[in-house]
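K.L.:
Per TrEMBL, GTP binding site is recorded for Gly20, Leu21, Asp22, Ala23, Ala24, Gly25, Lys26, Thr27, Gly66, Asn122, Lys123, Gln124, Asp125. According to TrEMBL, the feature Mg(2+) binding site maps to Thr27, Thr44.
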Amino acid sequence: MGKVLSKIFGNKEMRILMLGLDAAGKTTILYKLKLGQSVTTIPTVGFNVETVTYKNVKFNVWDVGGQDKIRPLWRHYYTGTQGLIFVVDCADRDRIDEARQELHRIINDREMRDAIILIFANKQDLPDAMKPHEIQEKLALGLLRSIITWSDEQHPYLWNEL
């Protein structure tokens, strides 16, 4: 995979925006990527930004707080974003519709039209967590086929774990 990334990106920096509802696990994922280990986090008020290097690519990852009062500010981070990681808490069945609304709002913004999108299905290890096919259905990803790249008709790109 490293050779593929090198061929596609060369020596490059990419701006990645990590969004999702509060408590979805965005900050935990960011620091697991950066440090290679789990760390204790507190709710993000504002943002965290870290550079994660993989092969020849530097990913500048912006983790923005997901509380409902902060979400209207998300759009101020869209400009120049090349990739979106939208983190979903698979165990939070009560707020999956809210997550769907936010995801669709983000990707329908013209500033995000060229961004590569990854849906990160987090917390699949928890009891009663939604399976990837449930996440696909609940987020109405089928409506977004012109925007989201699919690996095949049955399995959208959903990360099972970090």
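Using the three backbone atoms N, Cα and C, a Cβ is placed for every residue, glycine included.
What you see is a predicted model, and the numbers here were worked out from it, not measured in a lab.
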K.L.:
Cα distance, Thr44 (Mg(2+) binding site) to Gly66 (GTP binding site), nearest Å?
P.N.:
8
K.L.:
Counting other Cβ atoms within 10 Å, pick out the least crowded of the binding-site residues Thr27, Thr44.
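P.N.:
If we count Cβ atoms within 10 Å for the binding-site residues Thr27, Thr44, the smallest count is at Thr44.
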K.L.:
By the count of other Cβ atoms within 10 Å, pick out the sparsest of the binding-site residues Asp22, Asp125.
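P.N.:
The binding-site residues Asp22, Asp125 were compared, and Asp125 has the fewest Cβ atoms within 10 Å.
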K.L.:
Roughly how many Å separate the Cα of Thr27 (Mg(2+) binding site) from that of Gly20 (GTP binding site), to the nearest whole number?
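P.N.:
With distance taken Cα to Cα, Gly20 (GTP binding site) is 10 Å from Thr27 (Mg(2+) binding site).
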K.L.:
Neighbour count, 10 Å Cβ-Cβ cut-off, for Lys123 (GTP binding site): what number do you get?
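P.N.:
By my count, 18.
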K.L.:
Measure between the Cα atoms of every pair in Gly20, Leu21, Asp22, Ala23, Ala24, Gly25, Lys26, Thr27, Gly66, Asn122, Lys123, Gln124, Asp125, the residues the record assigns to GTP, and report the largest value in Å, rounded to a whole number.
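P.N.:
Farthest-apart Cα atoms in Gly20, Leu21, Asp22, Ala23, Ala24, Gly25, Lys26, Thr27, Gly66, Asn122, Lys123, Gln124, Asp125 are separated by 22 Å.
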K.L.:
Near Thr44 (Mg(2+) binding site), meaning Cα within 10 Å, which of Lys26, Lys123, Asp125 (binding-site residues)?
P.N.:
Lys26
